[in-house]
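If you check TrEMBL, you get these features:
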- 15-33: transmembrane segment (TRANSMEM)
- 40-61: transmembrane segment (TRANSMEM)
- 139-164: transmembrane segment (TRANSMEM)
- 198-217: transmembrane segment (TRANSMEM)
- 229-252: transmembrane segment (TRANSMEM)
- 258-276: transmembrane segment (TRANSMEM)
Amino acid sequence: QNSSEMPETITSRDAARFPIVASCTLLGLYLFFKIFSQEYINLLLSMYFFVLGILALSHTISPTMNRFFPANFPNKQYQLLFTQGSGESKEEIVNYEFDTKDLVCLALSSVVGVWYLLRKHWIANNLFGLAFSLNGVELLHLNNVSTGCILLGGLFIYDVFWVFGTNVMVTVAKSFEAPIKLVFPQDLLEKGLEADNFAMLGLGDIVIPGIFIALLLRFDISLKKNTHTYFYTSFVAYIFGLGLTIFIMHIFKHAQPALLYLVPACIGFPLLVALAKGEVTEMFSYESSAEILPHTPRLTHFPTVSGSPASLADSMQQKLSCPRRRRQQSPSAM
């Protein structure tokens, strides 16, 4: 509702509360599935994530799709505006700017949405899941490494408790028919695209380490050494931790909390590199609140333009190149 110069930033207090809120939500979902009919709950959730999934996927593919449109493509601008009241008391409820290219992306995403709604196919589920994950990493920022350690440490305990201590996590994950997880068919070679025996990876196991890895990338850039040492180290650490999770799962034939392996890897590997380079103090004193990655489209940072990602990116680029022609408009944020 309110304008912001930066995406949503997770503070130390937010990080400390996160596992508690997540636990309450998870337990609430578990009780919900136990009390009410699972069929009707999943029907409601399917419609909800159908709309969110289309918007998230359209947001994700929009920058890539823009490269495939020919230069002479008839791209028209549109604006969806809803206001409340009149005169000086008029208030904007919705002010959404988009263009023809955005409508094409929305149409393509809608095809995936209908496919998911009708078939619940694992490919459609994963397309939506990846879109949610990318949007999550883009929208959420950690302000410093200490906050990241608090968040990852708290969710480490959360994940271990709810997977090993109870059956709540596994029950909800299996009952929840929504793209909140990526699924990997274990019988793909036998049944092809009709595979039905899946391993699951929750989106939280992607987004939470992802925003920490993104923080380390900004730290790399702040050092101004033209290297991405900490980013590549944490990225490799994530792959190692995920591979270890899969290996342990197959050895013990039991669901594994991925953060049990991802958290030590994503924190430990970069910390060892910092110790070796003598940059531990710089790492923990780094504040990313004022950092913006160079040459990176900020699809969530548009203080004077509201609208879809593609149209917003175009508008921002025009404003950066022609600052004197900047249109005066009330601030808004996605």
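Glycine is no exception: its Cβ is also placed from the backbone N, Cα and C atoms.
TrEMBL annotations: computationally assigned, not manually curated.
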Same-chain residues at least 6 beyond the ends of the transmembrane segment (139-164) whose Cβ lies under 8 Å from its Cβ atoms: 6-12, 14-16, 18-19, 22-23, 26, 170, 204, 207-209, 211-212, 214-216, 219, 255-260, 263-264, 266-267, 283-289, 300
Intrachain neighbours beyond the transmembrane segment (198-217), with Cβ under 8 angstroms and 6 or more residues off its ends: 10, 22, 122, 129, 132-133, 136-137, 140-142, 144-145, 148, 151-152, 155, 173, 180-186, 228, 230-231, 233-235, 238, 241-242, 246, 249, 258-259, 262-263, 266-267, 270, 288, 293
Distant-in-sequence neighbours of the transmembrane segment (258-276), which means Cβ under 8 A and at least six residues beyond its ends: 148-149, 152-153, 155-156, 158-160, 201-202, 204-205, 208-209, 212-213, 216, 229-230, 233-234, 236-238, 240-242, 244-245, 248, 282-283
Other parts of the chain folded back onto the transmembrane segment (229-252), taken as Cβ under 8 Å at six or more residues beyond its ends: 199, 201, 209, 212-213, 216-217, 219-220, 258, 260-266, 268-270, 273-274, 277, 283
